[in-house]
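Student: Taken from TrEMBL, the feature region 'Disordered' applies to 62-87. Per TrEMBL, the feature transmembrane segment maps to 6-30, 102-121, 127-152, 173-199, 211-234, 241-260, 272-297.
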Amino acid sequence: MLMLGISIGVAFNVIFPDWMVTVLLIILFLGTSTKALFKGIETWKKESTMKQEAAKLMASQTNDGPELEYKPLPSAPTPNVQLRSSPDEEVPIKDNIYWKELTLLLFVWVAFLAVQIVKTYATTCSIGYWVLNTMQVPIAVSVTLYEALCLCKGKRTIASRGKQDVTWKMHQLFLYCCCGVLAGIVGGLLGLGGGFILGPLFLEMGVPPQVASATSTFAMTFSSSMSVIQYYLLDRFPVPYASYFVFLATVAAFTGQHIVRRLIVLLGRASLIIFILALTIFVSAISLGGVGIANMVEKLERKEHMGFENLCYHS
């Protein structure tokens with residue numbers, strides 16, 4: 001559903017005026033960063049409580065007291081304290097890859113890519129053009145329904161939420177699917193990765209910060225790559241400009257991952273990831289919003305057209 005939303009968002013980006021995109025970007029980023037900040041504070045408090053309980057446990061074991069089983073919160077690991085862990089917490093990387101689900105994701109990505117490429121040979125707004133666009137709907141809906149039914153029947157679980165029993169309701173899954181479409185629309189409209197929106201959503205679902213960050217980044221890889229291809233087919237960005245940012249973002253990602261991992265191990269607080277996410281989104285709102293406002297002022301001075309565009313007139 002994220003990929004479907006991206007296709008819709010890219011079309012909206014062509015239609016919507018720049019000032020509206022800027023306003024939506026500022027509102028979305030400020031709201032998302034505020035929500036992530038509150039979630040980070042809540043997680044920080046839980047981690048503090050867990051540290052206090054871990055200290056009491058260590059004190060009781062030192063005094064030859066009865067051995068107690070301590071289960072830390074999944075969102076706040078404490079690496080400095082030796083705690084009892086289940087044998088299935090760590091597995092090899094190759095055993096941690098769900099090949100069937102990965103194949104489904106690759107199938108959706110390739111199918112959407114094929115539709116976008118074939119669509120470039122169709123006349124804009126012709127019958128064939130709209131038929132190719134609507135073909136994305138059954139592709140996304142069929143895969144989503146399959147995964148949703150597996151969750152309802154108990155064939156799929158979210159391992160990062162621990163061994164707690166989770167009964168998935170259809171209205172919950174429908175809401176999450178709508179959030180996926182919305183994240184894709186926002187990502188395609190504003191030229192962002194859907195992970196910016198999915199990250200806070202995963203945190204609200206109770207997914208640990210490390211897993212939420214990794215999953216949203218993985219989703220951002222799929223969504224951003226499709227957005228880039230669609231914008232390239234629309235001739236809406238220069239290749240050298242994009243290549244520069246790809247290199248810069250890759251270096252920053254590996255550097256940030258190494259530093260943040262060290263900080264989490266040192267402090268024992270995974271909530272740092274949430275605070276970094278909130279700060280990144282807030283800085284993005286200020287910087288991108290400022291650039292957008294500056295562009296709007298320049299267009300107003302030149303008295304350029306600032307209304308809606310016609311999708312059919314864009315090749």
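Keep in mind that glycine also has a Cβ here, set from the backbone N, Cα and C atoms.
Owing to the predicted nature of the structure, the values given are computational and were not obtained by experimental measurement.
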Student: Other than its close neighbours in sequence, what residues sit by the transmembrane segment (272-297), given a CB gap under 8 Å and a spacing of at least six beyond its ends?
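Tutor: Residues 18-19, 21-22, 25-26, 29-30, 32-34, 36-37, 39-40, 43, 196, 199-200, 203, 209-210, 212-213, 256, 260, 263-264, 306.
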Student: In the same chain, which residue numbers or ranges, 6 or more beyond the ends of the transmembrane segment (173-199), come under 8 angstroms Cβ to Cβ?
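Tutor: Residues packing against the transmembrane segment (173-199) from afar: 1-13, 16, 21, 24-25, 28-29, 32, 36, 144, 148, 151-152, 205, 212-213, 215-221, 223-224, 227, 230-231, 277, 281, 284.
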